[in-house]
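*Asks:* Annotation source Swiss-Prot lists topological domain 'Cytoplasmic' at 1-50, 99-112, 163-174, 320-342, 396-486, citing sequence analysis. According to Swiss-Prot, the transmembrane segment annotation covers 51-71, 78-98, 113-133, 142-162, 175-195, 200-220, 223-243, 299-319, 343-363, 375-395, on the basis of sequence analysis. Annotated topological domain 'Periplasmic' per Swiss-Prot: 72-77, 134-141, 196-199, 244-298, 364-374, in sequence order.
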Amino acid sequence: MAGAARDRAFLDHFGGAGADRPCHVEGALMNDMSRQATRLDAIGGRYDPWLLGAAVTLASLGVVMVASSSIELEASPFYYLTRHLLFLGGGIALAFWAMRTELKTIEQHNQMLLLACFVLLVVVFVPGLGSTVNGAKRWINLGVSRFQVVESVKVFYIIWLASYLVRFRDEVNATWQAMLKPVFVVGLLVGLLLLQPDFGSSMLLLSVTACMLVLGGAPIGRIILPILLLLPALVALVIFEPYRMRRVTSFMDPWVDQLGSGYQLSNALMAIGRGQWTGVGLGASVQKLNYLPESHTDFIFSVIAEELGFVGVCGVIGLYALLVGRAFWLGMRCVEMKRHFSGYIAFGIGLWIAMQSFVSIGVNLGILPTKGLTLPLISSGGSSVLMTCLAMGVLLRVSYEADRAERLRSKLSPQGAAISPGEPAEPVVDAVPPAYAPARKPQRDTAAAPAPAAAPVAAHVAPASAILRGTSRMQPRVEPTFGRIA
């Protein structure tokens, strides 16, 4: 209504609408709106500096700790460091690509990304393509290296689920059928993961799905019921699989079988204990000298604790808290701006990083059973490094587009005043100087002929709400339950 009132005032300024408006005035109007559209297109955004700083600091710390923890594992002291740097370079390239790609383009391919999840999880079982390590079929053999497919699945699935919640957020809030569709999809993905087997990543995907459904509008009560139904099956998977049961028993008391099932955890705890307050010094770890298995991947946190001490551990946890906190803040900001796809992606990536880092640190501290989950951005591992960097690039793109929309909102609002997030701005047409306004014709005192209907002005110009909402649907929709949670 406000936009229509401004348009009518603008037309009155030019001497009426339709036949009463001269051609040169209409041309001036079109030229002015064209210039305004050009100015709006030139508006850019900026990437979140806190998010970027936390990611770069964690990745830099990862380079140092991979070099320190793997120096005695191969004949060449920098074998794993060189590989890590190569994969990190590839990850940075993927991150730059994601930072330069519009989110609407990514959303348009959400179905293809979901299909890629299933294809990747099936390919590992194809003879000649899949690679088996320690009895697990989790990798694709690329010749020069192996690629762990679940790392791609995490990113692709979060993007698909974010798109689904945008397209069906009313239905997810109101019906069982819409809520159970992503549950069915993640159930199929988890089934394929358990065949590899990969119990840790399965639980991670289930947890991220449950949290994103709640944030997307599903009632918490409806989420709890499927969880209660799945819980006995998950417990049975642990009890009836001997190696999983050994992990649980060794986690409860690793010192009972210190040289057997509790070997990894007991050495990890000894490394953490040696670190004390300030650590033994960078590069001076003893446990990494072929005592602690996987010291450069799953148990790199123990080496950090030994070399940098309690102070270094607090710094690492603080960096993860900053990264995840900024992701959640960004998600909340996007949802308030009606940019739901961007917001759900930010929430999903933040949940993934938070849960995986918590599990990895918890395993090293002995508060959780051993899982094969790396420490994001720090641990060595080509697949993890590549896909985590890609996720960071997508997250930074979310921050860029949110900032750009905020600047656009300021430009469109009168006198630069901010418009509330719940009221999308309408385009404001700059007034043409009065020198161009022709004199009005005197009106006759006749009540016969009604005024001609006003011709539509610049119908091809998209409303600002379409730009500010990003890739969300344009029609009014019920807001998700996240507003009630917040």
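Placement of Cβ uses the backbone N, Cα and C atoms for every residue, glycine included.
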*Asks:* Which one, 51-71, 78-98, 175-195, 200-220, has the most C-beta pairs under 8 Å toward the transmembrane segment (113-133)?
*Replies:* 175-195
*Asks:* By DSSP, what is the split of the topological domain 'Periplasmic' (134-141) into helix, strand and coil residues?
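*Replies:* Secondary-structure breakdown of the topological domain 'Periplasmic' (134-141): 0 helix, 6 strand, 2 coil.
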*Asks:* Using DSSP, how many residues in the topological domain 'Periplasmic' (244-298) fall into helix, strand and coil?
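*Replies:* Per DSSP, the residues of the topological domain 'Periplasmic' (244-298) fall into 22 helix, 0 strand, 33 coil.
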*Asks:* Considering every residue in the topological domain 'Periplasmic' (244-298), what is the mean pLDDT value?
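*Replies:* Mean pLDDT, the topological domain 'Periplasmic' (244-298): 85.
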*Asks:* Does the transmembrane segment (299-319) come near the transmembrane segment (78-98), with 3+ Cβ pairs under 8 Å (pairs 6 or more apart)?
*Replies:* no
*Asks:* Under 8 angstroms, Cβ to Cβ: which one of 142-162, 223-243, 375-395 has the largest number of such pairs with the transmembrane segment (78-98)?
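*Replies:* The stretch with the most close Cβ contacts to the transmembrane segment (78-98) is 375-395.
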*Asks:* Apart from its near flanks, which chain residues at least 6 from the ends of the topological domain 'Periplasmic' (72-77) lie with a Cβ under 8 angstroms of it?
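*Replies:* Contacts of the topological domain 'Periplasmic' (72-77) (Cβ under 8 Å, skipping residues fewer than 6 from its ends): 288-290, 295-296.
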